[in-house]
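In TrEMBL this protein carries:
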| type | residues | note |
| --- | --- | --- |
| DOMAIN | 9-438 | domain 'Major facilitator superfamily (MFS) profile' |
| TRANSMEM | 12-35 | transmembrane segment |
| TRANSMEM | 55-74 | transmembrane segment |
| TRANSMEM | 86-105 | transmembrane segment |
| TRANSMEM | 111-129 | transmembrane segment |
| TRANSMEM | 141-160 | transmembrane segment |
| TRANSMEM | 166-187 | transmembrane segment |
| TRANSMEM | 249-269 | transmembrane segment |
| TRANSMEM | 289-306 | transmembrane segment |
| TRANSMEM | 313-335 | transmembrane segment |
| TRANSMEM | 347-370 | transmembrane segment |
| TRANSMEM | 382-400 | transmembrane segment |
| TRANSMEM | 412-434 | transmembrane segment |
Amino acid sequence: MYNIGMFKPIHGVILSVVLMNIATGAMVTWSSPVIPKLTTGNYYGRPLTTDETTWMTSLMTLGAAVGTLVSACIADRIGKKKASLVMLAPSVLGYAVISIVRVIGVLYFCRFLAGLSIGGMTTVVPTYTGEIASKEKRGSMLAIVGSSAVLGFLFSYSVGPYVSVLTLNLLIMGLSLLSGTLFMIFASETAYFYILRGDKQGAEAALRRFRSSEEEIKMELLEISIRIREEPQGNIFDLVKSTTVLKSYFVAVMLLVFQNLTGITAVQYYSQPIFDMIGVDIPTELCPIILGCIQYVGGFTALFVYDKFGRKIIMYVTAVVMILAEVPLGVFCYLKDRGDDVSSISFLPLVCLSVFIFFYNLGWGMIPWVIAAEIFPAKLRVTGICAVAFINWIMVFIITKTFDSMVRTFTLGVLFWIFATSCLISIIFVKFMVTETRGKSLEEIQDALKKKATSPK
């Protein structure tokens, strides 16, 4: 069914999931090109205030925090296919409503709805993809799906400045609808879901949809059955029952805290406003497009270095380079605010931010999530990652809501120096608190963490 020549259901699933992630990425960076339009135009009958735009941006991240928890609760109850569609629905509704109703309170609510979808889909869709993929293709499928979110960032950066707010809203809604329709057509529930419910026939049918060999299907069914029997899922309360697990949770949370404090959250959500504040020689709407392209290249390059070098060494090197990019950027902003002539080095902000975002995506963009997936025991992996993701979105909410007030309090230059200092502290944290996981099986990682947790101080 749905096999058309070389086009198979798995290809349809990949296409639909890639489009979902592009839509998700576009929702995340929607605020960057839209803020200048809403603060200078009369889309809502008057220009929006700075406080209103920070709420518009940050409520999405608060919704994402809630969406993470909702998806964790429903994924194993109704299945990851249905959960993916359920979590996609709020964004479609939200963008449809703000395309029709121009009331600021409604805008806030709809941004929260978009956040529900973002938090839910970034949790459940990668898990679904990993469960339907074969061992041989799991890595490449997850890499394709993961990198497609950056295409969504680039979509908002490159299309948003040149179309109306209404057009951008309709385009994102259309992407979401298209991806959801394709997903309904080509996706099926995972074999894991059916095995958890004792439905072996359903599991076999699910695998047959994406596998070509009967022997492969039987072997994978056996492996899934054994894994589920030996590794029952834990709940949120199990996170506090073990010293080793508590330490794993602390390390994972702190890595995500440092990830946000590199400055990426401010740059990603307020890219165009930052360039407006700094002032560059080229049109400011082009700068986020350049950064989006570099971000994609950095993320793609990372696929080739993660397994060649240790996680810790990559984090050290990329943190150092981010410091070297943010310190001179802070100096530039400081000199400009002081009234000095910086026209001869007006190229510096774009160069510094380009270097920063490339090396961020090379290291700190994905490695904290990779380590989080590796350091939790199997029965707590999903629960642990969802709990970490919740804290991450709360951190993003705090930064996006307070960014403007922090700029007014500290100035943009000092803020970049604070981010650089956080990068320096992160190196110390990684050195003494993070266990190297490269080249180790998940069981070896757990053994190493247990030894570290029980070793005398």
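Including glycine, each Cβ sits where the backbone N, Cα and C put it.
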For the transmembrane segment (289-306), sequence-distant contacts whose Cβ falls under 8 Å of one of its Cβ atoms, 6 or more beyond its ends: 29, 143, 146-147, 150-151, 153-154, 157-158, 267, 271, 314, 350, 353-354, 357-363, 365-367, 370, 438
Segment-segment contact (the transmembrane segment (412-434); the transmembrane segment (313-335)) at 3 or more Cβ pairs under 8 Å: yes
Leading stretch by Cβ pairs under 8 Å, where the reference is the transmembrane segment (141-160) and the options are 12-35, 86-105, 166-187, 347-370: 12-35
Touch test for the transmembrane segment (166-187) and the transmembrane segment (12-35), at least 3 Cβ pairs under 8 Å: yes
Other parts of the chain folded back onto the transmembrane segment (382-400), taken as Cβ under 8 Å at six or more residues beyond its ends: 54, 57-58, 61-62, 64-65, 68-69, 71-72, 75, 115, 119, 122-123, 127, 233-236, 238-239, 245, 248-249, 252-253, 256-257, 259-260, 265-266, 269-270, 369, 372-373, 376
Leading contact stretch, 12-35, 55-74, 347-370 vs the transmembrane segment (111-129) - CB distance under 8 Å: 55-74
Sequence-remote partners of the transmembrane segment (12-35) [C-beta within less than 8 Å, at least six residues beyond its ends]: 2, 53, 56-57, 60, 84, 88, 91, 114, 117-118, 121-122, 125, 128-129, 132, 141, 144-146, 148-157, 159-161, 165, 168, 171-172, 175-176, 178-180, 182-183, 185-187, 210, 268-273, 285, 288, 292
Positions whose Cβ lies under 8 angstroms from the transmembrane segment (55-74), at least six residues beyond its ends: 27-28, 31, 35, 38, 48, 83, 86-87, 90, 107-108, 111-124, 269-270, 382-383, 386, 389-390, 393-394, 396-397, 400-401
